[in-house]
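Undergrad: Have a look at this one before I ask anything.
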Amino acid sequence: MASSRQDAFTEAQGPVSSDETPQLEHEQPDVDAAQTLPDADPPDPSSRSRTRSSLACFMCQKKKIKCTGTFPCANCLRRNWSCRFDAEADGRRKANNRRTVQGLNEAMEQLRRQRQMISGILAIIKAGDPDAIRGFVEQVNKTENLAEIAGFVQGEVERDEKIHKAYEDVDWTSEAAQL
């Protein structure tokens, strides 16, 4: 049995000189050879570079063999396997990037709302009459719900023209705002 494996290995590798002994190792399939079509021109060796796949298909992962990352991959194409990829498992794919962008947009929106609230609080303190300031302090002491406090601040900004002007004058571009 070992000699038939050795013969198959020798045939695949070509003739073996007397001082070389064939090594019996488990080798992964040559994926580059699978990509080359018989009627295609051979690629120029100097321009040929191996591109790394960011994710192997399910079958290549299961069989623990090198995947080309194309759809369908060379191994699945050669063996008539169903080639499937999990785009969410790979951090370099579009679905993951889309989620990252969506998360950043949500964080920016939250930051914008927080800036509006801080601007409103600063405007109430700076331009509000004593009743408005007292009302704000009472609202903060009465509840821990930020939505209620934000609603109060927004109401004061819309109700009082002096507070509204101070709200619009808050400068977020100055060096002091850069912390």
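Placed from the backbone N, Cα and C atoms, the Cβ positions cover glycine too.
Pulled from TrEMBL, these are the listed features:
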{"type": "REGION", "residues": "1-52", "note": "region 'Disordered'"}
{"type": "DOMAIN", "residues": "56-85", "note": "domain 'Zn(2)-C6 fungal-type'"}
Undergrad: DSSP says what for the domain 'Zn(2)-C6 fungal-type' (56-85): how many helix, strand, coil residues?
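TA: Split into helix, strand and coil, the domain 'Zn(2)-C6 fungal-type' (56-85) gives 12 helix, 0 strand, 18 coil.
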Undergrad: What is the pLDDT of the domain 'Zn(2)-C6 fungal-type' (56-85) when averaged and given as a whole number?
TA: 90
